[in-house]
Amino acid sequence: MTVTALGLPTVARSTGDGSAGASPAPADGPLVDTYGRAATDLRVSLTDRCNLRCTYCMPAEGLNWLPGDALLSPTELARLLRIAVARLGITSVRFTGGEPLVVRHLEEVVAAAAALEPRPEITLTTNGLGLARRAEGLKKAGLNRINVSLDSVDAAHFARITRRDRLPDVLAGLAAAKAAGLEPVKVNAVLDPVSGLDDAVELLRYCLQHGYQLRIIEQMPLDASHSWQRDNVIDADRILQTLQQHFELTPDSRPRGSAPAELWQVAEGPTHAAGTVGVIASVSHAFCSACDRTRLTADGQIRSCLFSREETDLRHLLRGGADDAEIEAAWRAAMWSKPAGHGINDPDFVQPVRPMSAIGG
């Protein structure tokens, strides 16, 4: 079995006068690009700071963090969320980092999103440190569900990958999220080239035993050191081949839609319950044609793609007195020029300057 490639958009970009490529972005309606894709999923990075130092993300000494006055205030962020939902048709908001749990006003931000009309689905991606004591409060604030990044349930492997000996804290956070009703609890894993395939098997077994849904993600070129190499990526086909040696997998029959993960049903076994596992083949089997995301960084920049090399500055507009219509127009223009695909496999691909920790997952 192999994953299915969704490929690049089939809606051609025109280039002549009066064409889609030459015309301005629509002034209303869905938040579309020139390839016909509509963005309904907003990814919001709340901070570039993180309390782990994962080897594929940032160096051991950390990075130069954004200064406090560069970050959007809760009031500024609430305004952009309102514009996104009320004027641009956003139906889902995911808060990310860096690590969003280091943000003290996280519950306030979640509550502001939950108060919007129409109310969007509100989700969070976190490394799980501190989640055990905040899961209940986040649920009360309006959080619907959660994704926890966890690359290994082997303590030594976890410490090597994250440069922190904190696996018990993450596992406690997962349990607290489930107890708080932030379900389905999903686990996001990026496989380490050294131990990743073994880790994938044990992760899936652990998730099935505890009622979590595992998503395994191909490592992407978003590390701060720009040392990513395609040859080191454990691709989706190898992941599936390995899992099939230990579990009985069948393709999930539900339409995939714009979801990045291709799902597989896992049959019950002697050591685990039945469940699902997803594989996100970001590199080897692009799904850019179905992308429905728009991204807002912690310092107020709009990115149309994880791998964009251009950004649109909404913070400047916010602080310069722009009205909602002007901000909406800038956001629409940013998304209108979204590229056809991420370009990772192009010979002239250039990694974005911002690392993943400063963009948000």
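Yeah, the Cβs are placed from backbone N, Cα and C, and that goes for glycine too.
Note that the structure is predicted; figures quoted are calculated from it, not measured.
Per Swiss-Prot, the feature GTP binding site maps to Arg43, Arg94, Thr125, Lys186, Arg293, Thr294, Arg295; the stated evidence is sequence analysis. Per Swiss-Prot, the feature [4Fe-4S] cluster 1 binding site maps to Cys50, Cys54, Cys57. As annotated by Swiss-Prot, S-adenosyl-L-methionine binding site applies to Tyr56, Gly98, Ser149, Met220. According to Swiss-Prot, the [4Fe-4S] cluster 2 binding site annotation covers Cys288, Cys291, Cys305, on the basis of sequence analysis. Swiss-Prot lists 16-30 with the feature compositional bias 'Low complexity'. Summarising the annotation, Swiss-Prot assigns domain 'Radical SAM core' to 34-252 and lists sequence analysis as the type of evidence. Marked as region 'Disordered' by Swiss-Prot: 1-30.
Positions of Swiss-Prot features highlighted on the structure.
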residue: Arg43; record: GTP binding site; DSSP class: strand
residue: Cys50; record: [4Fe-4S] cluster 1 binding site; DSSP class: coil
residue: Cys57; record: [4Fe-4S] cluster 1 binding site; DSSP class: coil
residue: Lys186; record: GTP binding site; DSSP class: strand
residue: Met220; record: S-adenosyl-L-methionine binding site; DSSP class: coil
residue: Cys288; record: [4Fe-4S] cluster 2 binding site; DSSP class: helix
residue: Arg293; record: GTP binding site; DSSP class: strand
residue: Cys305; record: [4Fe-4S] cluster 2 binding site; DSSP class: coil
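Local packing around the binding-site residues Cys54, Cys305 was summarised as the count of other Cβ atoms within 10 Å of each Cβ; on this measure the leading residue is Cys305.
Taking the binding-site residues Cys57, Cys291 in turn and counting surrounding C-beta atoms within 10 angstroms, the largest count is reached at Cys291. Put simply, Lys186 is the one of the binding-site residues Lys186, Cys288, Arg293, Arg295 whose Cα lies nearest to the Cα of Ser149 (S-adenosyl-L-methionine binding site). DSSP assigns Gly98 (S-adenosyl-L-methionine binding site) to coil in the three-state reduction, placing it in neither a helix nor a strand. Checking each of the binding-site residues Arg43, Thr125, Cys288, Cys305 against Cys54 ([4Fe-4S] cluster 1 binding site) by C-alpha distance, the shortest gap belongs to Thr125. Rounded to a whole value, the Cα-Cα separation of Arg295 (GTP binding site) and Cys288 ([4Fe-4S] cluster 2 binding site) is 15 Å. Over all protein chains present, the Cβ of Arg94 (GTP binding site) has 23 other Cβ atoms lying within 10 Å.
For the pair formed by Met220 (S-adenosyl-L-methionine binding site) and Thr294 (GTP binding site), distance between Cα atoms is given as 18 Å, rounded to the nearest Å. Annotated pair Cys50 ([4Fe-4S] cluster 1 binding site) and Cys291 ([4Fe-4S] cluster 2 binding site), C-alpha to C-alpha distance, rounded: 27 Å. Residue density at Cys50 ([4Fe-4S] cluster 1 binding site): 24 other Cβ atoms are found within 10 A of its Cβ, drawing on all protein chains shown. Thr125 (GTP binding site) sits 10 Å from Gly98 (S-adenosyl-L-methionine binding site), taking the Cα positions as reference.
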